[in-house]
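The structure under discussion appears below in the form of structure tokens.
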Amino acid sequence: MARTVLNQADITRALTRISHEILESNRGSENLMILGIPTRGAVLARRIAAMIGSIEGQAADVPVGALDITMYRDDLSRTRTRTPAPTHVPGSIDGATVVLVDDVLYSGRTIRAALDALNDYGRPRTVRLAVLVDRGHRELPIRADFVGKNLPSSTAERINVHLAETDGDEFVSIEGGAA
Amino acid sequence: MRHLLSTRTLGRDEAILLLDVAEDMADVATREVKKLPTLRGKTVVNLFFEDSTRTRISFEAAAKRLSADVINFSAKGSSVSKGESLKDTAQTLAAIGADGVVIRHPASGAPQVLADSGWIDAGIINAGDGTHEHPTQALLDAFTIRRRLHGTASRGKDLAGVRVTIVGDVLHSRVARSNVWLLSTLGAEVSLIAPPTLVPADTSAWPARVGFDLDEAVDEGPDVMMMLRIQAERMQDSFFPNSREYARTWGLDDTRFARLRPGTMVMHPGPMNRGLEISSAAADSAQSTVLEQVTNGVSVRMAALYLLLSGDREES
């Protein structure tokens with residue numbers, strides 16, 4: 001049975017807090033670039049950029065884009081062929097503070113691939129990581145700087161993230177496991 | 001996708017997927033590092049039994065941009081000139097550990113034989129076989145048309161309603177065949193214009209209209225005018241009296257070019273015979289897509305290599 005962990009209001013609150021935390025750690029929106037990992041990370045990135053814009057006023061127009069990591073995965077020859085999603089990097093990332101955004105942080109392999117991909121676009125000053133859900137079970141030395149919700153889970157469980165833009169409804173649920 | 005042998009068997013969704021992946025591959029060329037690590041550790045063999053520069057270079061560039069290792073094999077100066085059979089060549093490549101084979105062969109159906117024989121367990125890409133097909137050329141043509149029409153909003157779109165006129169030696173042209181199948185699968189209306197001696201005996205099963213009058217075709221104002229190369233190496237019969245007469249009747253000369261709608265794309269798969277099937281003014285105009293076709297060729301071939309060689313090949 002799927003158990004809802006976050007509802008729409010919870011998700012919005014978590015993203016609002018993350019947006020404030022990003023601004024706090026960066027001391028404003030200067031030099032900031034938000035890059036989401038498709039599909040849902042890109043949606044979350046756009047929301048966070050919009051929130052930062054409304055917090056800081058019209059002076060802050062934060063560049064936001066999408067960074068597809070399909071071509072950088074380490075399991076390409078182990079699974080079926082994946083269809084890549086478009087990448088859109090708004091301007092040069094040289095010297096910028098890049099915030100990567102994803103929906104769920106799990107093994108850390110996606111983020112490893114994203115760091116490799118970023119490397120091919122230029123040299124950012126710093127790279128931060130924001131995720132809606134951190135479910136643990138890291139396989140690489142990677143951690144998130146901004147976390148919407150820590151969700152201890154077993155590897156047998158499944159985390160579903162639905163967002164209005166991609167799925168019509170909006171919630172985070174956990175299912176499977178001990179049963 | 002396991003092999004890419006023809007466009008005739010390519011479905012609409014598969015074709016659009018390939019073109020969409022090619023869009024992502026095209027973006028790579030705009031980055032600081034124009035290379036992806038995707039096919040690291042894979043070996044691609046360019047197996048060319050027929051002369052070709054641009055197709056081979058294009059495949060080589062595509063494979064290298066995906067970090068694959070490339071081995072170029074041309075029949076000249078190889079064991080093939082000593083009489084080695086296709087089977088032995090294929091088994092040699094399999095023993096070397098080739099993951100992908102890009103083959104060009106003067107015999108129609110050679111890539112199919114390679115794919116079906118079981119001699120080699122690699123992904124096979126047809127880079128032109130006899131007078132049969134040249135699927136990556138058709139895919140890059142479709143990609144070029146789609147990009148000119150829709151720009152950055154191309155992803156997911158087909159070519160519904162686009163009127164394409166293909167002019168020249170249809171009889172010997174694998175480019176024309178691949179384009180007829182692919183463009184009509186994508187919804188385009190294809191017409192073929194050729195000297196009656198250079199039309200296949202039976203085209204009734206082709207999803208294309210056949211005509212003989214280029215002036216009529218020009219005045220219809222097509223969206224795309226695709227000129228085929230007169231392949232001197234295949235002109236062993238007297239298909240037309242001489243090249244001047246061909247140029248006058250079936251060539252896109254300056255006056256015909258001037259009569260085209262300003263928006264009509266002028267395409268040519270290259271290498272061009274300037275002054276024969278296409279005039280210099282037409283080839284160098286803003287309507288000409290000749291150089292875009294070359295650029296897009298690399299992106300399309302990257303997409304084909306990616307879709308064939310990534311993923312668990314046991315499962316596909």
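Positions of Cβ are set from backbone N, Cα and C atoms, glycine also.
No curator has checked TrEMBL annotations; they are predicted automatically.
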Same-site carbamoyl phosphate binder from B:R104, B:R163, B:R234, B:R244, given that TrEMBL records B:R54, B:T55, B:H134, B:Q137, B:G270, B:P271: B:R104
Proximal but sequence-remote residues of the same chain as B:R174 (L-aspartate binding site) (Cβ under 8 Å, at least 6 apart): B:G128, B:D129, B:G130, B:T131, B:H132, B:E133, B:H134, B:Q137
Binding-site residues compared (B:R54, B:R229) - highest count of Cβ atoms within 10 Å: B:R229
Extra residues within 8 Å (Cβ to Cβ centroid of B:R54, B:T55, B:R104, B:H134, B:Q137, B:G270, B:P271), carbamoyl phosphate: B:S52, B:S58, B:A127, B:G128, B:V175, B:P269
Whole-number Å value for how far B:K82 (L-aspartate binding site) lies from B:T55 (carbamoyl phosphate binding site) (Cα to Cα): 25
Maximal Cα-Cα distance (Å) across residues annotated as binding L-aspartate, namely B:K82, B:R174, B:R229: 31
Alpha-carbon spacing, B:R54 (carbamoyl phosphate binding site) to B:K82 (L-aspartate binding site), which is rounded to whole Å: 26
